[in-house]
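The structure appears below as structure tokens.
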Amino acid sequence: MSLFMYRQRNGIAELTTRIFNIVYPLNTGIDSLFSDFDMVAVMMTVNKIGAPHFTAQDEEVKYLNFANLVLRGFHLSYLHNCETRRGQVLFWSASKVFYEFTDIERQFHKALYTIQLLFLKLLDGSFQTHMHCCYNNPPADQWALVSGLPTYVAENGLICNIMNAAEDKLFDFQKEPLDESGWTIKNVLSLPIVNKEKIVGVATFYIRKNGKPFDDMDETLMESLTQFLGWSVLNTDTYDKMNKLENRKDIFQDMVMYHVKCRKDVIQNILNTREVYDKEPDECDEDELDDILVKHKKIHTIFEFHFCDFKFSELDLVKCGIKMYYELSVVDKFHIPRDVSDNGNSNPTGDLKRYYTDLETMAMVTAGLCHDIDHRGTNNPYQMKSGNPLAKLHGSSILERHHLEFGKALLRDEALSIYQNLNGRQHETVIYLMDIAIIATDLALYFKKRTMFQKIVDQSKTYESLDSWTKYMMYETTRKEIVMATMMTACDLSAIAKPWEIQSKSELRTMLFPFQPMMDRNKADELPKLQCGFIDFVCSFVYKVRSSISITNRKEWNALKEIHEAKVAKLEEAKKAKEEANGVGSAAKQGR
């Protein structure tokens, strides 16, 4: 007795058996409607003993129902074993997805260890449709491709299970032995590897070792496994693209560094050490370089409250930046290289050493120099509305994070890094403080932190001694970071009082992005009023509160406050006079 199954693949009807190694191609059709119940098997008895033929009584076999039960039990046991195997393989494949993405063939061999050969072909990920395929005119020795089966599966996305490859008429399988061992193709199972409804590869299996054809459970198992394989293919493809992007990034970074790095002849325009000492800057000590800077009297105005950078050339601003590092006495202490690159400028932040260490002050000054580097001339909302790549890369504080990353990229270059002689702990600290300081220049974050800053200022009023207050500040990292953030905001907002010139380079209104009123040149007559409103809402608080803990600058800020109040009073008087004039004019018209 045997259990036969009827199947049809590619128009060829076949009977297969699970018990014996037999496959019967059928040239005649089978009537599947001979009974009104589901057929589970076919029982065949051959050569009746003691009689020339079978009788009607033989057809009414008493144990037929029992045989039916046995066959059902056998079939359920088989399905149970298949599902158990499937669960084990899928669990194993899930773990391999995370640990061995590139070992794709091993996953399939683990799943169907009874096959004799596995053919795996990945399609080019650049193909956008199934009509494009990489199997055009394969060489004759590529017998797996010559048959046309992988191409058919890749283009149509169908699972092909061919039980008798030699008799198949749709595909041209080689009927002769493929090698000296006499290996021939008998049965084939080919499946597409799909990722997000896109075919990324084809997996084809040739011949089970027991000679039996692939069945439905093999198809189900391998179809499930291709999901994991699709993830693996996606990961390897993504990894390859990431490597290419990383290489492109390195090339672009080299291009940027080529234009950013300061040449030695430019360094001599800033620090003419060859003319004065007949030495290179890195051969001079701190005092010698400081003497060169002392000769430039304009540089000393950087320590004055009225300092304005508009009157300085680009090279003079670089000298101002160098002077700030010498003022902090950190050049020799942290072995900062004497080479210079002109990246920007910053305003002085006052006496920082009362609350901060030399390392922290150096980090803040460096953050001030880098806080607007490579600025795009627009604000964060514009970056988001225009779909700029920066907005896609940085979710919040877009420009601030770009300035930070650009500054870090410069500092990572050995020729530009002023941190190259710091130890690991010091380098980690200065980079962390730069993160806080530069991101703090985003006004959206300032409004969140100013309440915390107000609490610190209120707390300072409870201390009678300056020394006790200094200890209170120095021993709490969070307080120091909040104060540092407000200092960055105060320095960044100081430009509001300076005569910025409006340059007409491009008209962004054509891109349908509305201007903020204070940035609209068509409302130039309202600029003083808008400027004062910005100062009242944003700037006044930070300067008013900071004046409580910065005694030395309080006098200057009071002077600015008086100027501001005078401007506001003048605006109010002008507005009142205009209203009175309009009222008199209206009354005169009514009198006529």
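A Cβ is built for glycine as well, from the same backbone N, Cα and C atoms used for every other residue.
Listed in TrEMBL for this protein:
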- 349-505: domain 'PDEase' (DOMAIN)
- His371, Asp372, Asp492: Zn(2+) 1 binding site (BINDING)
- Asp372: Zn(2+) 2 binding site (BINDING)
- 554-581: coiled coil (COILED)
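Of the chain residues outside the Zn(2+) 1 site list His371, Asp372, Asp492, Gly368, His403, Ile438, Thr441, Met488, Cys491 have their Cβ within 8 Å of the site's Cβ mean position. Take the CB of His371 (Zn(2+) 1 binding site) and look out to 10 A: across all protein chains shown you find 24 other CB atoms. Reduced to three states, the DSSP call for Asp492 (Zn(2+) 1 binding site) is helix. Its Cβ placed at the centre, Asp372 (Zn(2+) 1 binding site) has 17 other Cβ atoms within 10 Å.
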